[in-house]
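Okay, so here's the structure we're looking at.
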Amino acid sequence: MSPLQWLTISFALIIFHSLTVSSSVLSHSDRVTRLPGQPRVGFQQYSGYVTVDDKKQRALFYYFAEAETNPSSKPLVLWLNGGPGCSSLGVGAFSENGPFRPKGPILVKNQHSWNQEANMLYLETPVGVGFSYSTQSSHYEGVNDKITARDNLVFLQRWFLKFPHYLNRSLFITGESYAGHYVPQLAELMIQYNKKHHLFNLRGIAIGNPVLEFATDFNSRAEYFWSHGLISDSTYKMFTSYCNYSRYVSEYYRGSMSSMCSKVMSQVSTETSRFVDKYDVTLDVCIPSVLSQSKVVSPNQVGESVDVCVEDETVNYLNRRDVQEALHARLIGVREWTVCSNVLDYQLLDVEIPTINIVGSLVKAGVPVLVYSGDQDSVIPLTGSRTLVSRLAKQLGLRTSVPYRVWFAGQQVGGWTQVYGNVLSFATVRGASHEVPFSQPERSLVLFKAFLDGHPLPEEF
């Protein structure tokens, strides 16, 4: 019997079984009794491994925080960070929208955690990221988007075996940065799988500052730098005429850097200054920097951070033995947990493969899509994302259902938004960085709630 057939039979049995089993049964081995230094909370947490390839012993690590209140009536949301190769546990759960943030030896409550509105599932993917591992190091080589999407699909299938009462729950997939590749490709596989075995109740995807189309996303950086006064007129001309950013990245990863691109990027780097955080151009920087979020989107600036003015509390916390024991986590083949993988050899040229066309197919299939942008991010600027969404709406023949306007959060302008055909949405988040939930937690929560509810963003206080 093939693994797929076995899974299908297992799901049928579980659906029947889950009708008679209460949620109390979920006090299984993955339950987190209490994280070290954690404040008292009323929701359940789980973490552990799901094997995605029994033969090769490849396992993905997850952290699951149920909703603070009424988890049985709230949707399931999968969160994926990008990189490729950066941790959804360290960046997403413990620095952005999860229930806690490390502060010295303790955890403090995130007052704008997304598990106020949903059951949040964070996945360290692909294998080789964070606590996710393979027993054979050769499996870290040549990893690409297709392998990652396939493993993520198998993860979800098998995760439902652990949590059967979430099988029919509304499911949303969210993420940021290179998750602009991860999220649409996973959603596409889910829709294909559902044609034969209806398993996933996919209700929408939301991606923040996403890599969707190589040239448009990357080349919008020049205009962003120039419009924010970070480069001169002459450098802007060089950056748009002689060597744009997509050409630079392409040459960089092919190991064939031209003298022209080297000269242009040297001038751009000199003018923008290494003391300006490209992920949040308004943020004052400190040394040392904190959390590396991206290798692909900024190859000459590996090591930039979520917040460069804060000590790396997350790395210290997740490398504590007592924390790893509480999370049921293991270090396999590595000496320490890192925010972004040092062992993963990802096929970085996959960044050149557009995923905006997959987003279009999802929209045509009736899956609501939200693309949102922190407006202080110069790495994947809002201008590129806005252009791509507008262009896609035109290609699909979608008319504007919510004209471009401001939206509000906490009696302040939260950003701007436009909706096409009540299924494709674009929104900016005012004052937000590449990592929107980190830099603007309240506004990101308002955005998240509206997305889950299927409502337009608030147009008044």
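If you go along the chain as it appears here, the first residue is 1 and each next one adds 1.
Even glycines carry a Cβ here, placed using N, Cα and C.
Listed in Swiss-Prot as the disulfide partner of CYS340, from the options CYS86, CYS243, is CYS86. Within the set CYS261, CYS286, the cysteine that Swiss-Prot bonds to CYS243 via a disulfide is CYS261.
When secondary structure is read from DSSP and collapsed to three states, CYS340 (disulfide bond) falls in the strand class. The closest partner of ASN168 (N-linked glycosylation site) among the active-site residues, by CA position, is SER177; the full candidate set was SER177, ASP377, HIS434. Comparing C-alpha positions, SER177 (active site) sits nearest to HIS434 among the recorded positions ASN244, CYS340, HIS434. Note on proximity: among CYS86, CYS243, ASN244, CYS340, HIS434, the recorded positions of the record, the Cα nearest ASP377 (active site) is that of HIS434.
The recorded positions shown are CYS86, CYS340, HIS434; of these, the one with its CA atom nearest the CA of CYS243 (disulfide bond) is HIS434. For the disulfide-bonded residues shown (CYS261, CYS340), fewest C-beta neighbours within 10 angstroms: CYS261.
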